[in-house]
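Okay, structure first, notes after.
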Amino acid sequence: KEGYPVGRDGCKISCVINNNFCKVECQAKWRQSDGYCYFWGLSCYCTNLPEDAQVWDSSTNKCGG
């Protein structure tokens, strides 16, 4: 599984071309994962996640509210 990790505010975790920052963020939540900064979305994106990992979903988005 892969997807955007969610911060405490329910939003995607922002980044600006900093893959190492995103890798650390992803591994803090899911130890075996990897991550990078998705340039077009300016958000961290995690890969190699467990199937039950909670990631950002547009249908359940609670960001900003």
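Keep in mind that glycine also has a Cβ here, set from the backbone N, Cα and C atoms.
Quick look at what Swiss-Prot lists:
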- 1-64: domain 'LCN-type CS-alpha/beta' (DOMAIN)
- Cys11-Cys63: disulfide bond (DISULFID)
- Cys15-Cys37: disulfide bond (DISULFID)
- Cys22-Cys44: disulfide bond (DISULFID)
- Cys26-Cys46: disulfide bond (DISULFID)
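Structure coloured by features recorded in Swiss-Prot.
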residue: Cys11; record: disulfide bond; contacts (Cβ under 8 Å, 6+ apart): Trp56, Cys63, Gly64
residue: Cys15; record: disulfide bond; contacts (Cβ under 8 Å, 6+ apart): Phe21, Cys22, Cys37, Leu42, Ser43, Cys44
residue: Cys26; record: disulfide bond; contacts (Cβ under 8 Å, 6+ apart): Pro5, Ser33, Asp34, Gly35, Cys44, Cys46, Thr47, Leu49
Reduced DSSP assignment, Cys26 (disulfide bond): helix
Cys22, Cys63 as disulfide-bonded residues, winner by CB count within 10 A: Cys22
Per-state residue totals over the domain 'LCN-type CS-alpha/beta' (1-64) - DSSP helix, strand, coil: 14 helix, 14 strand, 36 coil
Residue with minimal Cβ packing [other Cβ atoms within 10 Å] among the disulfide-bonded residues Cys37, Cys44, Cys46: Cys37
Predicted model, mean pLDDT over the domain 'LCN-type CS-alpha/beta' (1-64): 93
